[in-house]
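One structure below.
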Amino acid sequence: MKNKPAYDLRLFCAVISLVALGLVMVFSASRVIAGEQFSSPFFFFQRHAIRVGLGLLFLYVFMKIPFGIYRRFNFWVLVAALLMLASIFVWGNRFRGAERWLKIFMFTVQPVEAAKYSLVIFLAARLAEGRKKLADFEKGFLPLVGAAAAMAVMVGRQPNISNAILISMITMTLLFIGGCRIKHIGAFTGAAVAVAVPILYRMEHIRQRLTVLFNPSTDVNGIGWQTRQSLIAFGSGSIFGCGPGRGHQKYLFLPDAHTDFIYSIVGEELGFIGAAIVLLLFTLIFMRAMHISRRAPNEFGRFLAMGIGLTIFFTAVINMAMTTGLLPTAGLPLPFVSYGGSSLITSMVAAGILLNISTYGRDPEPSAGRGRSRSMRNADYARRATAPRFADGRKR
């Protein structure tokens, strides 16, 4: 009788728990504004439930696809992502002064959500080529930061500064762990900051958000309103919260309560304990991703798992810091929880890839032959599928 694939159960449970919580909190946070705008308190909830169902389907599909396939097409995955980002400037939909969305048939998508994971796949494939190549500035380091910089610049021009910074954080972290020289990383980071700071300082909304961050009382009825109402939500929730559905900030006090600021509603209705549990679930996802990375059968799997874990965790932490007033207001949703199809579905796809990598984990015992476990057979397959080849097709 064949053994079942050893998917990481703790990772799976953490993801499903956040998705289930998101269903409850999206309905609670959106029912007032849905009733006001669409005469139905279920409008946003129904759309979110459909996306959850679609996300679960994608999760299952990508759990079954061998992760080694992505290495073969890493360059074209990146090119497709960059082309989608570039097409926003031609066919993009403008909302609140930003062009971040693209209309594809009857769907409106935010390409940056998929682009982040496309970049992770590209970086993982190139980092897997070895430290010796990465030590070469022109052939190893420069192509990687060039791809990341191109993506960050296009995202920043939307403008979407928070995601541009997130892309930079993920890239530099992976390059550091991957073995790139510190002097190369430091020099590029310094140059990027020197160029970016004057540009950002010219943007009025960036200056206003930084002013409100350090002095929230300067514009409590303007750009500081959202942060102030978010903090009121956390204060109202106290330790145990006021109970699901009983919060007051969603009554049109807190803008974007069901999207970027859903963590504030969690804090209000489920209290400090509920907010802490959400943070712990994201921490668990990050820890399981690092565990999967350590047990991956090859370097590509190692960096891919690490990159996915970093992307999910960094996004969640920045969102939580934003809602608690520790960072300026930014348009970053809370993965698996916030309303929004692009974020939810790409997060589920990423989780599916991570779960697939978990089935290829190395076994501690070097058993051979018929008695070998499913995970060992999977590991052998991954090594064969991703092994470098000579020009004539022979494996090295």
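Each Cβ is built from the backbone N, Cα and C atoms, and glycine gets one as well.
Copied from TrEMBL, the annotated features are:
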REGION    364-396  region 'Disordered'
TRANSMEM  44-63  transmembrane segment
TRANSMEM  75-92  transmembrane segment
TRANSMEM  104-125  transmembrane segment
TRANSMEM  137-155  transmembrane segment
TRANSMEM  161-178  transmembrane segment
TRANSMEM  185-203  transmembrane segment
TRANSMEM  270-291  transmembrane segment
TRANSMEM  303-324  transmembrane segment
TRANSMEM  336-357  transmembrane segment
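Among residues of the same chain six or more beyond the transmembrane segment (303-324), those with a C-beta under 8 A of the stretch's C-beta atoms are 67, 70, 116-117, 120-121, 123-124, 127-128, 162, 166, 169-170, 173-174, 177-178, 230-231, 234, 260-261, 263-264, 267, 278-279, 282-283, 285-286, 288-290, 292-293, 296, 330, 332-335, 338, 347, 350-351, 353-354, 357. Remark: the transmembrane segment (75-92) makes no contact with the transmembrane segment (161-178), by the rule of 3 or more CB pairs under 8 A. A contact links the transmembrane segment (137-155) to the transmembrane segment (104-125), because at least 3 Cβ pairs that are 6 or more residues apart lie under 8 A.
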